Amino acid sequence: MSVLRQRLERLTDHAGLQWGAVALAWLVSALTFQLRPIMPIDETRYLSIAWEMWHSGQWWVAHMNGVPYADKPPLLFWLINLGWGVFGVNDWWPRLIMPLASLLGLFQLRRIALNLGYEARTARMALLVLMSMLMWWLYSATLMFDILLTTCLLGAVAALTGHGAPRRRAIGVTPWLALALLAKGPAILLSWLPILISLPLWRERPGRSTPLFWLATGAAIIVLLAWALSSAWVGGEAYAGNLLWHQSVDRLEQVADHARPFWWYLPVLPVLLLPWSLWLPALKLWRRHSPATPRRASRLLWCWTLVPLVLFSLVSGKQAHYLMPILPPLALLIADILTRSAPAQRRTLKVPAIALFATGALTLVVKMVGNAQLAAMFSLKGVWLLWGLATVAAVVQLKTTAAATVLALLTTTAMATMLTIMLAPLWPRMDTRQPAQLLSRIEQQGQPVVWYGRDYQASFQFAGRLTTALQTLDAHPTDLCRWRQQHPAGWVIGDSRQLPALYMPALAHRFPWRARTLLVMPVSALQIATPLFLCLDPL
């Protein structure tokens, strides 16, 4: 047994296998993105915005369902359109953007680690830790802004921590920081400014180069302002107010979306750090500084982590993925702890094993005793595999870095199992292609379509390649009745909980839609002569 353990340790502690584990985690994440549908509401919305930019040719002001969209800057939409310009309109290129950004972010983190004086094995372990973190792994396979934003921030930090002349480093900071600002707006300054302000605490040599980096920061902000002010002028007064005021000032107030209490991130952060938050050797961040670890590096990483965490906590609007920029420094801190642990000390993975077993057990309980609608969204096919992984984790007893490699591989396999096997019944309910294709045929026939319900998020524009905006109505029967009188040959789309219950079933097209049923039907199928609609025919 000891001989087998020694061989396993040599294998899993080998640099080649650790690079392979990083590559495998990234590849599996990218493949799962290709295998599942584009998810409503966020992914379909962003893809539809890019599609409207493509077919309208309006590159400066994004539109969602024909209305100027001010919630996000344009970098992601530009990248999608750039790929479409090369490869044609498709859905595989948008699915590749975040995996490629994630891969670039990993190599930027390695540059930072080496710039700060960490050993190559610590830099390599940091990549393994980051790529196997639940938050990073999942969002590497999601069409959202946070991986792209964090990668641009990492590029700016890599330039800032470099060993070249200050002027050259400052020139390197500007484009990366400008891209970060164009990815998600000025919120990235909550992460960047603590790094820059703390520069005297962690820079390698004393000097007077700090003003150069402030000038670089100012230049990046000017790039954002150049886009924002010009697009506000093009987009009109309402768009300008939304872009320049609501998306910045209002988000600091209680009126912001996702308003949550100050302490909300404290219980969320351990979840984002899974599986490493379940493994005590990875959490001993309080351990004394090692002579082999550059003290300036620790100062930078803690300033990069703690100050933004406090600042994000002070902002009213909170979402878990807002903390993405602090995951890379935490990954490097964890990697440093793991690589300087006692070489002879062996570690177990019992707590992660319990978590894997509990995940499978919870799925089993939901399937057996949960309500039918919820149970239908899960498959038990992956439970046995999860329990097998839990068994492997329970019996592992290896040196720290070898055990960390095994933990990363187990985590990657577990997450892929859950997404591709256990959640497989859920994916058809998230697929917008069939209803979108029906809407496309209706559009080609020249018939108007109205979305009946609250807050339509352009879920079908790209999937159906629609070139006409859907009309929208709030969920009020009187409005629908009047729209029918104005468009007797029109169609209505909405979910089964909001559309009136009185319609001719034979004329309605029904599609699985998230936790509900999506209905698409001609308005003539609605039996609106009943008093329910409080709508009189015009005289």
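Here the Cβ of each residue, glycine as well, is placed from N, Cα and C on the backbone.
As given in TrEMBL:
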TRANSMEM  16-35  transmembrane segment
DOMAIN    71-227  domain 'Glycosyltransferase RgtA/B/C/D-like'
TRANSMEM  96-113  transmembrane segment
TRANSMEM  125-156  transmembrane segment
TRANSMEM  176-199  transmembrane segment
TRANSMEM  211-234  transmembrane segment
TRANSMEM  262-280  transmembrane segment
TRANSMEM  300-316  transmembrane segment
TRANSMEM  322-339  transmembrane segment
TRANSMEM  351-369  transmembrane segment
TRANSMEM  375-396  transmembrane segment
TRANSMEM  403-427  transmembrane segment
Cβ pairs under 8 Å with the transmembrane segment (375-396): which stretch of 96-113, 125-156, 211-234, 322-339, 403-427 has the most? 403-427
Is the count of Cβ pairs under 8 Å between the transmembrane segment (300-316) and the transmembrane segment (403-427), pairs 6 or more apart in sequence, 3 or more? no
Can you work out the mean pLDDT of the predicted model over the domain 'Glycosyltransferase RgtA/B/C/D-like' (71-227)? 93
Which one, 96-113, 125-156, 176-199, 211-234, has the most C-beta pairs under 8 Å toward the transmembrane segment (16-35)? 125-156
Among 262-280, 322-339, 351-369, stretch most in contact with the transmembrane segment (125-156) (C-beta, under 8 angstroms): 322-339
Three or more CB pairs closer than 8 Å, sequence separation of 6 or more: does that hold for the transmembrane segment (176-199) against the transmembrane segment (211-234)? yes
Could you pull out which residues elsewhere in the chain have a CB under 8 Å from any CB of the transmembrane segment (322-339), counting only those six or more residues past its ends? 105, 109, 112-113, 118-119, 121-123, 125-130, 133, 135-136, 139, 146-147, 149-150, 153-154, 187-188, 191, 265, 268-269, 272-273, 276, 281-285, 287, 290, 293, 297-298, 300-302, 304-305, 308-309, 312, 400-401, 404
Is the transmembrane segment (403-427) close to the transmembrane segment (262-280), in the sense of at least 3 CB pairs under 8 angstroms with a sequence gap of 6 or more? yes
